[in-house]
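Q: Look at TrEMBL and you will find 62-401 tagged as domain 'Amidohydrolase-related'. Taken from TrEMBL, the feature Zn(2+) binding site covers 143, 211, 232. Positions annotated as substrate binding site by TrEMBL: 154, 235, 236, 243, 272, 328, 329, 330. Here TrEMBL flags 294 as active site, proton donor/acceptor.
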């Protein structure tokens, strides 16, 4: 049947012989794409009397939304917290390389740094769509410097700050600009943090709680003021205690405002969180789990010494430490590895594992109408995966931007 081009001259691509992740289930149906968006085939057939220009046989593969990494400090030798003159080429390199791991959008993350570093780097980060050049940039994630000294983790103590009389003005002076900022991680027990959380939330910036010694009531108060995320749950916070479960208690708190969901990041690399802890979190609050890599410059490189902002870190296998210590510092995990480990460790369904890296981060950032799903009219950012969840091909806006180097796929 000839295509009807009355609506659009753009070619229509039909992906056949596949299982699509839609409405929380793998469904055996075709995926239709035009002009970077996912098409409703019924409208195409009945309203436009149209059909596909190109058919691609997916050989019984899974098609899932592209992964979204909301906490990645760098990779492949690039450190997002190092102020360099060629910062743009570094971020371009990472955005290109993570396509092979299924990441189609990400939030470049800066760890605690001096104000001069924020002032130099943030103007060089711009929100942009993904494509053949690399994964899309959703905005920066600023992790610190308004965090707890006791739970600083790999963050340099001499750069940590508190909110003084100016509170929000202090934050603005430190960062220089919030134009491209998507997430700010802070410790909610800090004096005047409530007004800062409210001001950030008002500007559409996601506030995450982390690197903190907050008790549960302080964490609940932060959520009531607008915080919606927990930075790498269990890491850099008070351990769960039955009389005061701390930030971890938000997963089952009855003080969360109606209609609000608290999300939490998990570094599912088998190093940062014991599989039993991963299972506990997932079973307590499955709809809030967001997989993050927390990857640093050493991701994709050989073991040895690398940087994380102001610190030197050492990679030993999958472990990353501040050099000369046993303090964990970021990871070298890739997002596809985290998805596979999460599925294996929790025994959850394939659909659940994939949504933790796509739908949930999109919901956290309020962009689920266009990313993180394969719903009609959403962005055609998706992956072709085999049954073991290894990425075979990555698509952004309906165009193939990476393909596994094997014949026949």
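Just so it is clear, glycine is given a Cβ too, placed from its N, Cα and C backbone atoms.
TrEMBL entries are annotated by machine, without manual review.
Small disclaimer: the values here were computed from a predicted structure and weren't measured.
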Q: Of 236, 328, which of the binding-site residues has the most Cβ neighbours inside 10 Å?
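A: Buried the deepest by this measure is 236.
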Q: Which value does the mean pLDDT take for the domain 'Amidohydrolase-related' (62-401) in this predicted structure?
A: 96
Q: Considering each pair of residues in 154, 235, 236, 243, 272, 328, 329, 330, all listed as binding substrate, report the largest CA to CA distance in Å, no decimals.
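A: Site span for substrate, by Cα atoms: 30 Å.
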Q: Specify the nearest of the recorded positions 143, 211, 232, 294 to residue 329 (substrate binding site), where nearness means the distance between Cα atoms.
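A: Comparing Cα positions, the candidate nearest residue 329 (substrate binding site) turns out to be 294.
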Q: Given residue 211 (Zn(2+) binding site) and residue 243 (substrate binding site), what distance in Å do their CA atoms have, once rounded to a whole number?
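A: About 21 Å separate the Cα atoms of these two residues.
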Q: Let me know the most crowded of the binding-site residues, choosing from 211, 232, 243, 272 and counting other Cβ atoms within 10 Å.
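A: Buried the deepest by this measure is 211.
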Q: Between residue 243 (substrate binding site) and residue 294 (active site, proton donor/acceptor), how many Å separate their Cα atoms?
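A: Cα-Cα distance, residue 243 (substrate binding site) to residue 294 (active site, proton donor/acceptor): 30 Å.
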